[in-house]
Every structure is written in structure tokens, then in C-alpha cells.
Amino acid sequence: MKSVKKYTGHFIIIVLLAVVSFPLATFAGEKEERMMIGFENSIDLTVLEGKPHQLIHTYDNINAISVNMDTSYINELRNTPKVAWVEKDRKVNATQQKKSWGYEATGVTTSNSLSLSGDGVKVAVIDTGIHQDHPDLNIAGGVNFVEDGKSYEDDNGHGTHVAGIINAQDNGIGTVGVAPAAQLYAVKSLDADGIGNQTDVIAGIEWAIDHDVDIINLSLTSPYPSKTLKTMVDKAHDAGVFIVAASGNDRTGDGQLTDDVMFPGRYDNVISVGAVTEEKKKASYSYQGESLDFVAPGDQIYSTYIGENSSAYTYLSGTSMSSPYVAGALALYQELYPEYTDEEIKGLLIEQAEDLGKEGRDDSYGDGLVHSPTSYFTDITYSDWYLDFVNDLSEKEWITGYPDDTFRPEKEITRQEVVTLVGRSLDLDGKKRGANFEDVHAWNYGSGFIDSAEDEGILTGYPDGTFRPNESITRGDVALIIYRAFDVEKSEGQDFKDVIDSRYYSEAIQSLAKEEILTGYRGGEEFKPEDPITRAEFSTILSKTVDPELR
């Protein structure tokens, strides 16, 4: 638990900026995407007959075209003799847009691939204001609490830099924030020198509560506690508002002034954030202590700023830069799981964090380096070997998880599930109906795909006339189904110690291994063909089969 240590002395006037100055599931739906199709000899648009599409470009010099069409046609087109290749279009960015190293370190790149951007989440930055005319920021509104001030315009630069880390727009210029689609609010409580009154910070928190803000970022610190501030923080927490604060900086190099993080980060209902370097080491200036919750990138962070022209950018370092990474990550989690409570969201932050330093929570790194969502499922983390493959199938809408938002990757997958997923990937008729197996009924969710797959010669049942849809399926049987379903070229691939040539699945396993769709069990020299296969393992095989770029 966080503790509040009593301090004596004047605590009303000064609130210091926490910155260090350095020199500069289960149903598939139609999903249209732009793709590129290359032809063997010349462009032949007859391959698109019967397939709704929009022709975008014709590349006569390379015998290729780009079209917008349903992704379910990809495999059919790839197997068309006249077609040399099919690949998805990819986004490119103008070279002048620069992502800070923290973007990759906290997993935002993967969050972006999941189409997460903070949409619908309100974030207030209580700081020196935000530059209103910066072309890389989209401010939804704001307020000024500084005495004699009328505008929330930033006359220091600190608030604008913090805001950019959270919300810089993905518009091809400057940089891009963690949650560019979040609604950004500027609450000016600090003056041009980066100094303010706790009373103005408290007023800013109250304003955010009254305006239904979801997340408040406080890249500011004080060595002094305040009952009024704590009471308002608790009020915000009770209203369902996250408050994220910088842990504090050693500005002199003489060490921490306190034995714990600074206020307000020390309060129980505030998420306190320290800074790490690009090497994921604790920054020398970053305050630590038992109240530290997380760390985030804080060293030489590139973001929006104020200057002679409206589109200024600069590098700053400090825990001020770390706090908005967590605020932005929270916005992405709230977008992904809008029905989750604050405690559930914070639990996800802890589960997904990268443990640094001593194993488990410690005073230097808290619960670890914060990570933005890297999967649609709560039980898959940034470091899981199957992450990209599960994400691929999720984005194609071929798989979903369980009602509790888990994927259960180590659970054995059933025969019915495998055929259903293969059927979706091939766009087979999945309408539920009876099949030629006595234990497959019209009410089975996979009955249509099972019937279609049998018609296509992809599968057979057992000698007793059953299919056993709810039983686990072996690795060897999966190899055979994939081999038949996707018409993989017969070849002699890797020899596995435990795959006997006379077994019915041997040819399939060897051929898939040759295509780098299969590897040995856990990377070893055995395949374990008679063992049941897990959901994660099957997702990897199917993803590699349909998308050669992932092999």
C-alpha cells in the first residue's frame, strides 16, 4: 500500500514540473481491403469475374493491379493459374513523421495494427496548457485556472510536449501519439515558468470530473502532501477517472528529496510512473519507492512543442514524459474493453507489463514497463511466441475468444473447431445442416463446414461412421487436413525423428515442413504427431498457411 509521509513547511505555492532539461471469435464477416495481384504473363481481369471488387490501379509495366475486395477471395486467387502473386496493401508514412522510441518499446505499434487509437476516450492534460494551433494536435476543449489568464494556450512548452506523447495525430507529419483518436482536453494550471498552485491543480481535477473525463495526466510533482488534493483525487477515483502522475525527478543529481515517489503520485488512487532509458534501465533522475506503479519511456522523447512557428517539436527527458505513455495506454485499454472497471483495466496493465529489475514488483520499476494492448485477448501478452499468428486470424475475423475475453491458447482444440476455422479461411458453405456422420447434427455450430469439407475431400471420419466433433485433434491429423485443404505441393521436407514414413500423415507433415508451415515440436527434432494440438499451435499453422509473409 502507498503511504503518505507527513512533511512540514509551506506547501501551497509550488508544484514542480516532472521534467529534466537536457540539450536538444467466432464468425467471419466480409472484410474489404486493398490488395495487389500480379499476373504470370499479362493482366487478365477475367480472374475477378463473379467477385465484387473495385479496380484501383493498373500497373502495366509489371503486369499487376490493385483492387479493393473481400479478403475471403485471397486464397482462391492465389491458386488461380494465371495469378503469380496476391498480397495485401500496406500503409506507408511520409518520411517526416517520426515515432519516438517509446512507441515501439510500449507495444503501440501492435496496438495500432489492432486498429486501437483511443477512440471515444477523454483525456485531460493538467499542465502548462497546450499549443492551440499546433497542426499535430487536435484539442477538444479546455480551461485555464492560472491567475489573470484567459486562455489555455501553452506559454511554456511542457504541456504541449506531454499532450503530443498521448495524442499527436497520425497525419504524416511530426510524430504520432499513443492514442491519436482520444479526445484531448487542455487544463492550464501551471504558468509560463512551469510553476503553479496546488489549488489550481485541484480545480483542474474537479473540472475534469465535471466534464466526464476518463483519464487525467499529471506530469507535475510536489514534495508536500495535501489533504485537499488527496480528497479530490479520491473523488475522481470514485467517479471512475484514472489519474496518472509522474514519480518525480532528481533535478540536482544529489538524490531523492523523499524516501518514496513525489506527490500526488504517492497517493493510493494515483498511478505513479517512473522513467526508463531506451536500454530499459531506470533513468538516473527517476524517483523510486514503494508507491511506484510502473515505468515508461522517459529519456530523450520526441514530441510536439512550442516555437517560432506553429509546428515545433523537440526532445525532452523526465518522468513527465513517462506518465503520458501510461495515460495513452489506458485510453487504448478503455477503448478495447469499454465495460471493464478501473480495477480490471489496471489489472491488465499489471499483467501485460514487462517485468524489469528484480523479479516481481520492486521500488525501482514498480510492476514493470507498461505495454499497450498487443492482443484482443486478455491472456495473451506481448512476449508470447504465437501473438502475431493469433492476431492475424483475429483481424481476419476467423477466430474469437471466450466470453471472458480470453483465448486460452494452451487449451486443446477440437476437431470441430479446426474444420470450422479451415472452412472459414476457404470460404466454404458453413450453413448449419446435417452431415454424413452419425454424431454431427444440424445444431452443431460446425456442421455446415464439416459437411462441406467432406464434400471437398478434405476430411474423412472414423471407421465406425463418426466424426467425434468435440474430441481433441492430433497434430498429425491437423497436418493432413491443412495439406488437403490448401492443396500444398507434395515434397520431401524435414525428417522428424518420430514421423514414420508409413503413417497416413507422413507425406502431409513433410510437405508442410518443406513450405515452412510446420516446425518441430517446440522447435525440436520431433513433431509428436499423435499428441493433441493446442489453440495457439493450430492458429500458428493456419496463419502461416494462408499468409506466407508470416512464415
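The backbone N, Cα and C atoms fix where each Cβ goes, and this holds for glycine too.
These figures come from a predicted structure and were not determined experimentally.
According to TrEMBL, the active site, charge relay system annotation covers D127, H158, S320. The domain 'SLH' feature in TrEMBL is assigned to 373-436, 437-491, 492-551.
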Quiz item: Least buried of the active-site residues D127, H158, S320, going by other Cβ atoms within 10 Å?
Solution: H158
Quiz prompt | Mapped DSSP class for S320 (active site, charge relay system), helix or strand or coil | solution = helix
Quiz item: Can you count helix, strand and coil residues in the domain 'SLH' (492-551) using DSSP?
Solution: 27 helix, 2 strand, 31 coil
Exercise. Tally the residues of the domain 'SLH' (373-436) by DSSP class, grouping H, G and I as helix, E and B as strand, and everything else as coil.
Key: 20 helix, 2 strand, 42 coil
Quiz item: For H158 (active site, charge relay system), which DSSP three-state class applies?
Solution: helix
